[in-house]
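Copied over from TrEMBL, here are the features:
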type: TRANSMEM; residues: 81-102; note: transmembrane segment
type: TRANSMEM; residues: 130-151; note: transmembrane segment
type: TRANSMEM; residues: 236-258; note: transmembrane segment
type: TRANSMEM; residues: 270-293; note: transmembrane segment
type: TRANSMEM; residues: 325-347; note: transmembrane segment
type: TRANSMEM; residues: 362-382; note: transmembrane segment
type: TRANSMEM; residues: 441-460; note: transmembrane segment
type: TRANSMEM; residues: 466-488; note: transmembrane segment
type: TRANSMEM; residues: 500-524; note: transmembrane segment
type: TRANSMEM; residues: 530-551; note: transmembrane segment
type: DOMAIN; residues: 693-751; note: domain 'CBS'
Amino acid sequence: QLTPSSFLRIGQLSNVDLNEDVRELETELPRQHPNEIPHNEKLLSLKYESLDYDNSENQLFLEEERRINHTAFRTVEIKRWVICAMIGILTGLVACFIDIVVENLAGLKYRVVKGNIDKFTEKGGLSFSLLLWATLNASVVMVGSVIVAFIEPVAAGSGIPQIKCYLNGVKIPHVVRLKTLVIKVCGVILSVVGEGPMIHSGAVIAAGISQGRSTSLKRDFKIFEYFRRDTEKRDFVSAGAAAGVSAAFGAPVGGVLFSLEEGASFWNQFLTWRIFFASMISTFTLNSVLSVYHGNAWDLSSPGLINFGKFDNEKMGYTIQEIPIFIFMGVVGGILGALFNALNYWLTMFRIRYIHQPCLQVVEAMLVAAVTATVGFIMIYCSRDCQPIQGSTVAYPLQVGDAGEQPPMQPRQRLRAGQGFETLLGVVNLFHDPPGSYNPMTLGMFTLMYFFLACWTYGLTVSAGVFIPSLLIGAAWGRLFGISLSYLTKGSIWADPGKYALMGAAAQLGGIVRMTLSLTVIMMEATGNVTYGFPIMLVLMTAKIVGDYFVEGLYDMHIQLQSVPFLHWEAPVTSHSLTAREVMSTPVTCLRRIERVGTVVDILSDTSSNHNGFPVVESNPDATQVGWPIGTVKRSPTIFPPKVFVERANLSLVQRRLKLKDFRDAYPRFPPIQSIHVSQDERECMIDLSEFMNPSPYTVPQEASLPRGFKLFRALGLRHLVVVDNRNEVVGMVTRKDLARYRLGKEGLEELSLAQT
């Protein structure tokens, strides 16, 4: 049972990953899994650390910056552009690899299925074909799910919520590791494909390149060492996320806006240019390589993995009387999106409580794959919506039925509730096929089935996004809406079903993920049509407003379900009544400027109070109060002074000053305090923390309102905010979890409980 008093000490509010390697070994040992994990949405997890996006201007940092001349600064700026170019190239190449492998694997699967169906269509016994299709689907998804569940669970899903958290300042373990990238790419190929995994992949590539080394491979290339800190790494991860969007949709501007709207918490003009450059390089690399692969080396006609085809402006314009219709479609999209999110919320809660063992997660993924294939097969078999095989543009047309009774026909229902890029073909067909191509009954049945299947699929232990399934659902009901409108208006030329399929796709996706600005531009770039910019924007804004009335967006909902201390753009609107004194953590463990080595080691070794930040105070010798702040030090760098001191004593070395390079070489995994042995004599020695502390920490008076502290914390990317009283003495510390604890609920301002899980 958690009690408020359990969480008063600041040390208990931030668990630091002191011995990650030991902890990883412990997790590999067999553990007893309870049948049910109690989970409450009104919890905030203590297992997440914060990232420090505010540079610590200690003596070492300032000395290095002063030594750097104008030419060296120019060199650093050139390196930033080089890294962004490399991010774009590698993200584009990863996208090419995924595209080519998926295309070949899908082709192989459908050749097997098609040959089997053709054989059994003549002989009878299509049930074996169904079994083969379901088994193939389940087998491939099983491999993709196993590598995610057992090797790198953080590679599950689209990765967008995790990248949002990272850019917000929350350290999600393993989220930008090379191993995560490898599992992500393999998982995408073996499970389904989507844009979300490309965004995550781009972010991992960016994090790796910008550091000039790989902690997974234990290789340090000794390049880009200047960028080994949270602030620089964050900016490059923003560029990687944008490059991922650009590679997925061929939308470089949409990528920049996605990074701005959904990802990056901190922004500036120079960063915008570099991110746009990375996005352009990404889409150009993809375009070039795929053009060569398809045998058209000079025809750069493949700007992204996902292309919705060109819309004819003359045939598919829109008139003023259609504006209310588009707004109505936005309302429908918002309601359906809210329903999708609500269903997925309860499903995810069920998964957290009961399906938390890797074996069960793999079984669930296989079950979804088999059910999906079965539903797709049955819908094709039952469909009477057929077209002649001659002249078909479908790569693997299926003939189901007795060829002797009728000319060779195939089900027009190519919108198989299946997996992979074939769903994209369904979207393109719905956008561009001429009126009369689809049976309304087929479309209605497909929309209903695919809605629930897509809802069930999101959150599985596989690497898969939600963009394409959402677009397909929306395009299907949008086309159905267009057919109905055409019927009601006696076939008016403006009521083109393809146009309404586009608006339905935008409305459905907007209703689920609640993106407006970036999604408008992505849809415009993916369709190559600026004409529809205004109606798409109207549809997306309406869908967001309506959806937000009922429930949060899908990504924010999953962040909340994981109990992550995520800070939104603004503090809760009704939080002005709270002051820093009420939200701060206290008492605070402080250090003196001149401190005993034994005291420092004991504080760092105390597992019951894993403080991550310590105010450095100065006080009168006879004072009973804590003292006034003269700086702050962080846990990880504080490990170095006793470590270097001990090395100096043991090896009888001459005086060696620490350099900033020592910290950069250790970043981001600083050595654990347990690796340091300090003798009794050494414990009595004194150490000066002046070199390592940040001499200009941010402080707020204890009477400051919560929104004021929130703005300071959020805008500057702080990790700790010192609270002082009217005598300027330290009385508490505000951390991310202290601020994230308060949120606006249905009944007003509510305070979340803190828990270790």
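Cβ coordinates come from backbone N, Cα and C, glycine included.
Beyond the transmembrane segment (441-460), the same-chain residues lying 6 or more positions past its ends with a Cβ under 8 Å from any Cβ of the stretch are 145, 156-157, 192, 336, 340, 343-344, 347-348, 351, 361, 364-365, 368, 371-372, 375, 379, 383, 385, 412-413, 415, 417, 466, 469-470, 472-473, 476-477, 479-480, 483, 554, 558. Across the domain 'CBS' (693-751), DSSP helix (H, G, I), strand (E, B) and coil residues number 16 helix, 24 strand, 19 coil. Per-residue pLDDT, averaged across the domain 'CBS' (693-751), gives 88. A contact between the transmembrane segment (236-258) and the transmembrane segment (130-151) is absent, since fewer than 3 of their C-beta pairs, 6 or more residues apart, lie under 8 Å. Tertiary proximity for the transmembrane segment (81-102) is limited to same-chain residues at least six positions away from its ends with a CB under 8 Å from its CB atoms, namely 181, 185, 188-189, 193, 198, 201-202, 205-206, 209-210, 224, 227, 236, 239-240, 243-244, 246-248, 274-275, 277-286, 289-290, 293, 305, 420-421. The largest share of C-beta pairs under 8 angstroms with the transmembrane segment (130-151) comes from 362-382, of the ranges 270-293, 325-347, 362-382, 466-488, 530-551. Here the transmembrane segment (325-347) has long-range neighbours at 318, 451-452, 454-456, 458-459, 470, 473-474, 477-478, 481, 485, 500, 503-504, 506-512, 514, 535, 538-547, 549-554, 557, 561, meaning same-chain residues at least 6 beyond its ends whose C-beta is under 8 angstroms from one of its own.
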